[in-house]
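Engineer: Quick one: structure below, then a few questions.
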Amino acid sequence: MSNYSHYRMNGSLFLKALRDSVWKLNPIVLLKNPVMFVVEGGAVLVLLMILFPDTFHTAGRQSYNFIVFLILLFTILFANFAESLAEGRGKAQANSLKKTQKASNAKRLRKDGTQQIVPSSELRRGDLILIEIGDFVPGDGEVVEGIAAVDESAVTGESAPVLKRAKSDFSSVTGGTQVISDWIKVRITADPGATFLDRMITLVEGAKRQKSPNEAALNILLVIMTIIFMIVVITLVPIASYIGITIETSTLIALLVCLIPTTIGSLLSAIGIAGMDRVTRFNVLAMSGKAVETAGDISTIILDKTGTITYGNRKAFRFIPLSGVTESELVEAAVGTSLYDETPEGQSVLEYARNLEYTWNDEKYGGGAIVPFSAESRMSGLILQNTDYYKGAVEEIKAHIERIGGKSPDLADSLSEEIAREGGTPLAVCKGNRMLGFIYLKDTIKPGLKEKFDELRQMGIKTIMCTGDNRVTAETIAREAGVDEFIAECKPEGKIRVVIEEQAKGKMVAMTGDGTNDAPALAQADVGIAMNSGTIAAKEAANMINLDSDPAKIIQVIFIGKQLLITRGALTTFSLANDFSKYFAILPAILMGVIPQIEVLNIMHLYSPETAVLSALIFNALIIPALIPIAMRGVRFKPMIAEKLLLRNILIYGIGGIIIPFLGIKAIDMVLQMFY
Ligand SMILES: Nc1ncnc2c1ncn2[C@@H]1O[C@H](COP(=O)(O)OP(=O)(O)OP(=O)(O)O)[C@@H](O)[C@H]1O
Ligand SMILES: [K+]
Ligand SMILES: [Mg+2]
């Protein structure tokens, strides 16, 4: 459960939004919403007529003008309220995060290893610090030594502590979290003011919210429509006077406000903010609104296996010697390859050997050259004076043995395949040019993925698992997790190639991963989602961070992205259809008194021209707060193919948008009749 769930729409947020709506009447602030700015201009004009009736020759129309002014004022307030309400929750989150950010002291390590206590604000990129049990992590960084459990709940809301260690996919620490066991040495990776928490605060606060390209384009369209309707309404004056009618200025303003897209104009930014906010409440941090919208258009998802589909705590589970090799011979070599291998896999080999009560003398393995694991070589090893030990992906070890003139036994393939068919990862172990057997690494698939991938399939989205692991293991895990396709034996450049290939087919690609080997692909993808547990490289390459490191979250993000696009589309359709209807509701009423033939068009039988205008204007204002819940919550939808969904929404919101104003205006007119 996310720690943001307690930011419900409570009373104080509501009151604060009310206050902000008044503050936003400031024309300079309102200028960024051109449609409402025009409404405000109209309101000011009507106010001037009320204040100086003699100048404007409107002395006899004071009360009518006053009502028009009030409705216009409320139209703007409602629009401001929608945006303020959407912003409110983010601001509350930001405040709570700022509390996490309190200054603390850090133990900075000098070159000679001595400690120096400095305020966290003085830490700079590259500093080496020691964090011990009970200490708060004073800044973002990468673990270089030690293992510790870290409580990240202040940032992620997740209460289970996370084990952080060097040289693994779990090596990043975030400022504001707390070390609750042991100690770690951390290399600081962000200067103060540029930390993860800082970025998170600016994001949820929405202070520097950038409109997504879609939103900006729609905004331009609304401005163009506003200008067109201004021209239409202004040209109405000479036309009317030609046929012998004078239309009052306040009525013209009312007509203009009814015609320009005030509904979508006032809800547009609220829809965007609420979408971002919904993503955050799912504990995913989107770096931009654009990323959220793009998520809504995703047609292919690429997931890495270890750490994303599985928990990524791959551990040695069994030693399997080849025939003619004893277990202790195999273990001797396996220990040799792992003694200096700092990956969790390497460490798990030692742990498992100890559990089997093997003992060894570290000196025996001393003085050699360490070959560290890399995703590129897929091996790790130790070169000693008289021999060398390697472990790694079976294909790599076989190639290595062949290179130095050895030959792998025929039985090797069937043994390693057996491990792989169970979903395990076989690591082949060799000493010199002789293969000794396998280490069976076991990992667990995160539960509940199959159903989630089924949902994606229903939406027409393809899932591809991409892994550095061997084909058989990949196939087993792919089948158990329920992905559509898989690609095995992928090196880092292989993962990015898969992304590019899908993009070349015209797909929008999301990639989710946690390792440094995933970083290039995360950056290339249209939406890159890094696990918060992952490495700094992965998190920097991504445009979203999944705070609870749950790959199924990507589905929610896609849902929210789709919902954002659908909500904006639906409310735009509704708003434009509405304005169209209002035109037919008021125009006949205005002209009726002068051109009796127009009566045939007056299907609504409104009471009088004046009540017709006021009813339309009141409806135009009230529809804004009426739609705020939909804008905030998003349009509900079921997973289905995009085209079908679009058609359905156009039908509902388009036809609804045409009919509802007729009903609404008629109802308001009937109420107004009672006062006339
Ligand atoms: N410490 C290690 N020593 C030797 N070989 C290893 C070690 N860790 C992993 N391997 C081998 O290298 C392969 C690639 O590992 P890598 O971490 O790049 O990808 P992965 O974790 O298997 O897959 P994914 O890309 O899904 O995370 C593994 O499948 C395994 O065969
Ligand atoms: K309107
Ligand atoms: Mg990985």
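Numbers here mean position along the shown chain, with the first residue as 1.
Using N, Cα and C of the backbone, Cβ positions are placed for all residues, glycine too.
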Engineer: Which of these, Lys391, Lys398, does TrEMBL say binds ATP at the same site as Asp341, Glu345, Phe373, Ser374, Ala375, Glu376, Ser377, Arg378, Met379, Ser380?
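Structural biologist: According to TrEMBL, the candidate sharing the ATP site with Asp341, Glu345, Phe373, Ser374, Ala375, Glu376, Ser377, Arg378, Met379, Ser380 is Lys391.
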Engineer: Which recorded positions (Asp304, Met379, Lys391) fall within 10 Å of Asp518 (Mg(2+) binding site) by Cα distance?
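Structural biologist: Of everything listed, what lies within 10 Å of Asp518 (Mg(2+) binding site) (Cα to Cα) is Asp304.
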Engineer: Got a sec? Which of these recorded positions, Asp304, Ala375, Asp518, has the most Cβ atoms within 10 Å?
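Structural biologist: That would be Asp518, with the most Cβ atoms nearby.
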Engineer: Taking only the Cα atoms, work out how far Phe373 (ATP binding site) lies from Asp514 (Mg(2+) binding site), in Å, as a whole number.
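Structural biologist: Cα of Phe373 (ATP binding site) to Cα of Asp514 (Mg(2+) binding site) measures 17 Å after rounding.
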Engineer: Out of 34-52, 218-245, 251-274, 645-668, which stretch touches the transmembrane segment (613-633) the most, going by CB pairs under 8 Å?
Structural biologist: 251-274
Engineer: Report the listed stretch (218-245, 251-274, 645-668) having the maximum count of Cβ pairs within less than 8 Å of the transmembrane segment (34-52).
Structural biologist: 251-274
Engineer: Among the recorded stretches 218-245, 251-274, 645-668, which has the greatest number of Cβ pairs closer than 8 Å to the transmembrane segment (64-82)?
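Structural biologist: Out of the listed stretches, 251-274 contacts the transmembrane segment (64-82) most.
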Engineer: For each of Asp341, Asp514, count the other CB atoms within 10 A of its CB; which of these binding-site residues has the top count?
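Structural biologist: Top count of Cβ atoms within 10 Å goes to Asp514.
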Engineer: Which residues in the same chain, at least 6 apart in sequence, have a Cβ under 8 Å from the Cβ of Ser377 (ATP binding site)?
Structural biologist: Val371, Gly392, Glu396
